């Protein structure tokens with residue numbers, strides 16, 4: 001409710017932003033707003049309305065406050081505001097509550113403050129009421145709810161600067177730069193009656209009455225119709241035109257509160273159109289009949305022209321008058337109104353001489369005016385097409401042949417044997433797909449990739465262009481077969497702990513040549529159970545009571561002694577609640593974030609993920625903390641190293657460690673917080689988890705790493721503000737303004753299983769991109785290049801979380817890690833790594849792209865700078881006044 005300083009500073013800052021674009025002082029007009037509160041018995045909501053007494057000169061709403069008087073109650077009976085809904089482009093919030101002050105103990109005072117999102121959102125029109133915001137009361141119906149009277153309410157005495165029992169300033173207020181209030185308050189008072197939640201009768205409005213109008217004019221002459229002059233409203237409401245139709249033989253436009261009818265050229269006879277008036281609530285429609293009499297003088301009409309300009313000519317003479325309607329014996333004058341954009345034009349002998357810009361081809365336009373001896377004039381547009389009329393010789397595309405082996409791509413330089421008679425540069429404009437393979441352009445050349453397992457002959461066609469004409473040829477590809485290889489593939493299984501022995505068919509997805517016999521062997525035993533071999537299947541038994549993740553490695557050997565190995569990832573379910581190790585929380589809440597920590601055996605790193613069900617809008621991260629709990633052996637057993645953040649502009653740091661506190665001497669607590677230089681850096685994905693940072697442990701692998709549980713961990717009791725043995729606040733937290741008001745906290749809990757480190761020798765990863773060489777062989781990505789398609793996005797990020805289902809954003813059969821245009825919009829991925837519309841989705845994953853319009857910046861005049869300085873001085877005076885009030 002303390003608003004004096006807030007109003008002055010807010011208005012000063014708003015004018016600082018708006019003045020450079022205005023170029024004129026905001027003198028303002030007389031007027032302001034009135035407030036009304038009403039009860040909506042249909043939706044069980046209180047609705048607050050605002051009505052202007054005039055239309056503001058510069059409609060720029062900056063600050064406002066509405067204070068309501070509600071019956072005083074306590075406990076469950078208290079009037080409790082919820083579900084605030086605001087007008088689009090505005091933001092209203094409950095900013096202050098004072099319960100039963102000494103001045104009037106029977107009343108609670110609720111103040112709502114307005115923050116503009118769009119200062120022109122109200123678009124005020126004189127006398128037109130509109131809803132500002134609405135809300136519900138979760139408590140019982142207590143009686144009437146009324147707006148505070150600034151002048152008489154005992155809690156606001158004296159008005160605007162009270163020294164009341166709560167030391168607040170609760171009065172109603174509104175500030176719009178388009179009204180000329182000298183006290184920074186354009187609020188004029190209240191109207192209507194108190195809102196009673198027991199009311200069920202909604203007052204009805206008498207609709208206005210619109211009368212028929214008739215007018216007369218002559219051919220080619222507009223006529224203005226004051227249609228509101230004979231219309232009326234039983235309630236005395238001000239009427240306005242809200243809609244009108246076009247007539248069959250003329251056009252209608254609105255000028256002020258009147259309609260202007262213009263007959264079509266040379267039309268005479270009777271024509272009609274309709275219009276609709278409104279009293280702010282209801283409407284009425286009527287008809288205007290126009291009689292158009294014959295003009296005594298034929299009309300002068302200029303008609304649109306179209307010419308084709310040959311680039312071989314330096315200039316062209318255009319007879320634009322040839323199709324114009326010129327009364328007999330009328331002497332006319334021809335002049336150019338708008339010059340062409342891509343050339344020049346002059347008038348010579350009542351013709352237009354057009355000269356195109358050297359080298360330009362395409363569309364151009366100009367407008368001209370003809371004027372007769374009586375001063376009558378008419379204008380028309382000339383549409384120009386500038387192009388070469390020289391005949392072009394089509395290019396010649398010759399057939400090509402290529403060869404490759406099964407599962408291997410081949411690039412064909414098809415343009416090498418194609419030619420063009422004029423020596424024009426050729427380019428590929430279209431191509432077909434093979435029957436047994438896919439085709440994509442790679443650096444302007446077709447790349448053919450045979451389907452898995454295919455060998456034989458395949459073909460596809462392509463089309464070349466010289467910029468004007470095209471030709472098509474065929475490429476024949478011979479695909480040779482390859483000798484089958486033995487390959488063990490990674491397995492993932494979910495284990496039921498109630499089953500004493502789980503039989504795992506790890507060979508089911510392995511690549512074993514037909515007719516080959518293999519032997520299965522265990523290379524590394526699991527850390528949380530035992531494994532054995534029976535009938536070429538693996539039998540796994542988890543440790544009693546364990547649930548979480550486990551891993552082991554196995555080897556297969558063929559009769560020739562060839563071997564291959566793979567890892568098995570096991571998720572042991574909880575015996576009571578089922579699988580708890582998923583990559584998404586169960587029943588996630590809206591506007592919340594969840595945390596997970598996992599061990600990446602391939603890179604020997606811990607990775608921290610976050611999940612949300614909905615992307616915050618706007619994306620505005622203000623703070624976050626992640627606290628991990630690791631087994632304590634000694635202070636140097638677990639040592640965070642090589643900390644990597646997933647998003648630039650959001651650099652995570654391990655800034656707080658507590659070793660074996662008295663609450664839990666068996667654990668160490670490691671806390672991580674980000675340094676935020678870009679609050680929009682985190683690229684949230686609705687319904688998917690995202691990695692936020694990862695790190696390695698320079699110490700020994702000492703057991704499971706978990707996320708701290710805010711509610712139950714002894715080192716964080718009581719939650720949110722612990723008074724623990726070392727005086728720290730280790731709980732997990734995150735705040736993003738795009739998720740709305742939730743008591744300043746959007747962290748909702750953890751999901752997934754503990755991160756259990758293993759010391760298995762990870763598979764070879766030559767380029768260190770998180771994909772093993774064996775996985776890259778399957779994906780056909782380059783095992784020695786972390787960015788195979790050189791588009792600036794690492795292969796691991798473009799593959800996605802499921803290697804078995806690599807991402808193909810535009811469904812063109814080429815996975816994104818090999819596709820230079822992931823979303824297929826014609827713009828290379830390397831040029832779309834930004835976020836043009838600030839919706840946290842990279843442009844290369846969004847089609848079509850949304851590019852913000854260019855904005856111009858105006859320089860304020862000396863007068864505008866003077867007005868700004870005066871506004872800031874008024875703000876300083878308000879500060880001194882505020883300090884005096886609160887002393």
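Using the three backbone atoms N, Cα and C, a Cβ is placed for every residue, glycine included.
Looking at 688-709, 710-731, 732-753, the stretch flagged in TrEMBL as region 'Disordered' turns out to be 710-731. Among the residue ranges 149-179, 180-210, 211-241, 242-272, the one that TrEMBL annotates as region 'Disordered' is 149-179.
Taking H, G and I as helix, E and B as strand and the rest as coil, DSSP gives the compositional bias 'Polar residues' (722-731) the counts 0 helix, 0 strand, 10 coil.
Note on the domain 'IPTL-CTERM protein sorting' (858-881): mean pLDDT across this stretch is 54.
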